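Going by TrEMBL, these are the annotated features:
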type	residues	note
REPEAT	133-167	repeat 'PPR'
REPEAT	203-237	repeat 'PPR'
REPEAT	238-272	repeat 'PPR'
REPEAT	273-307	repeat 'PPR'
REPEAT	343-377	repeat 'PPR'
REPEAT	378-412	repeat 'PPR'
REPEAT	448-482	repeat 'PPR'
REPEAT	483-517	repeat 'PPR'
REPEAT	518-552	repeat 'PPR'
REPEAT	553-587	repeat 'PPR'
REPEAT	588-622	repeat 'PPR'
Amino acid sequence: MNSNLSSTSNPSVNKKETEISNLLETSIKAPFLECAFKICKTLFQYEQWSDLVEMELYKLDVELNTYSVNQVLKSLSDSEIGFCFYTWAESQVGFKHDYFTNKSMICLLLKVRKFDMLSKFLERIRDNGFSIHQTIYRVLISGYVRAGMIDLAIQTFDEMIESDCQVFSVDYNRFIGVLIKESLFDLAECYYSKMIPLGFSLSSFTYSRFISGLCKVKNFGLVERLLGDMEKLGSAPDMWTYNIYLNLLCKENRLDKAREVLQTMFQKGRDPDVVTYTTVLNGLCKIGRFESAVELWHEMVGRGLIPDGIACGALVFGLCQRGKVDLAYELTVGIMKRRVPLSCSVYNALINGFCQASRIDKAQLIKAFMKRNECEPDLVTYNTLLNYFCNALRLEEAERLIGNMEKDGIKPDRYSYNQFLKGLCKANCLDRAYFFMVNTMETRGLCDLVSFNTMIRAFCRARDIKRAYRLLGEMGRKGVVPDVVTFTILINAFFREGNVDMAEALFDQMSWMGIIPDRIVYTTMVVQLFKTRNIERARRFFLDMVDKGIAPDVVSYNALIKGLCKGFRVSEAMHFYEDMRCSGCHPDKVTYNLIIGGLIKEEKLSMACWVWNQMMDNGCPLDKAHYDTLTNFMQSKDASFMNMTTGGCGEVIVRTICGKAILFTNRKVAFVNFLFQSCWCLCRLAALPGKKEEKGDPGIRDEHFSNRKPKVIHIAVLFPG
């Protein structure tokens, strides 16, 4: 397309002309606005700057001034045309850009994110003697932040505070707020330290945001400093920030500090709410400080706060989980005597606690007590009791409870029926379970995927795999779509029966149905194929999982490494071990022992020692059999090295990292190896003395003494970073 052709027929251009017309609707009243309108109309007729554009502008024969040029620049959206117009205007006799035209040009470049052009423009106006005003610095910082260019924003702020511009407290507040949002807390602290000597302070809102952000990174020192500074200013964080801080203190088991903060809140005009008390209550219960928790509970109620379901649950569940259900019950009884209404969730928590303690009679008494206190049992109440009866295989009582639910106007839901179905399967009443699912659950529209998976799992456990497989077909006919769990259960069952082909066919069917295999089913395929010695097929499944973008976890890697090591392919296992570490999946004790066991099996003991070193770095223990093998190997190497380096001296001094020197005779030379391990290094003791120290590897150097003095071996470990 010819850039000089007029584009007035373009709807988008017509729209722009309309916008300009609306913007300059007073053009007939002010000559300088009419001038800007004519220039804009001319510029919008062209898609790029050219000599023809300049000729058209000259033909307008308008007198330029900074106001009209500024209006034109503010109306443009094309930075190239805008910059060319800026340059053209600058070349006109008697015209000189001012603060407003420069600011409009900067805003245009920021708007279209032409940062390279902006950098050159800023350099240009500085060379022309233009001093950047405070408001332009603010515009630049804001534009860089919106574009996500935080480094440039920081650089510009530094320029602003080092310039002759007057910087205000609001500038620091906004900028530190940006750093907090970007989690650049070290930088935020740096600028905070700069602003305080200037007599500036953060607003209460910024302080609160700062403290909340620091809680995420657990920077207690700076949090306490900020709280102290706020106290000097007579200010305090908002309730949201206090609750976040208290939550962190409780998670870090700093409960005494949490209680101290809770008490100081009153002095600072921040009355703790139910969330505040609940947070501390929960923390106290988690570490077993129930007496303090009960004391705090009474304090909360005494201040007129009505505990909600969460607050009561924090204490009651905490007590019940530690077998203190009687204390929880006594506590709620005391609260009721004070006429504090308890929600249904509190009763349910107590019922659940007694059910977990297998005291169903007490749980049922609480249910009866609920009704007397005008708190009707809800679906959760019944499902809690139903769950207990089904797990305890008290199926007749469970069935009666379902009947009572319906009498009390509580309609059993899918969870209720699925729990009963699970209980029937657990009791091995498979025929009864199947008929219950078909005749009761299906007729009420409550048979779902969970129901079918429960039955399929039960049939597979009973080795009735044909019936389980028929259920898969039945699901399709009844409009219930199987999921990855369904196929995983069946695949495992067919592998257990030795039917590898059927297991793989199910995997293919799952993919054909559009069900995306997850990590569990892939790992299942890898494990089971290795068990049947289909190493290559197992390996292909693992690689297919990676290709599909599913990140293997430590269990997946362990399955693959175990199979490869058993198949005497330890070199390949080492390759996947390195991939595992590079991908950020941390090896565990099982991984290390599998790799080391495979290396020992193939007599690659030096490599096994190298892996053992990494294993110790991660604090994982080695199996005793592998430990004995490697220590025997290392001691044999140690002995030959000691005979070579002592020169018949008969004594060795080992200087450990902690700086202590220990004297050994040749008879105790085997113990030297233990010292090497305790210093977190596996030195290659077969190396010659004087080996150069390299970063990341242990080095050995010796010092010879005359007159048959003992040899000193310095063990220096240089840790990377």
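Each residue, glycine too, has its Cβ placed from N, Cα and C.
Please treat TrEMBL annotations as automatic predictions, because they have not gone through curation.
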*Three-state composition of the repeat 'PPR' (483-517), taking helix and strand from DSSP*: 26 helix, 0 strand, 9 coil
*If you run through the repeat 'PPR' (273-307) with DSSP, how many residues end up as helix, strand and coil?*
26 helix, 0 strand, 9 coil
*Please work out the helix, strand and coil residue numbers for the repeat 'PPR' (203-237) from the DSSP assignment.*
26 helix, 0 strand, 9 coil
*By DSSP assignment, list the helix, strand and coil residue numbers for the repeat 'PPR' (553-587), in that order.*
26 helix, 0 strand, 9 coil
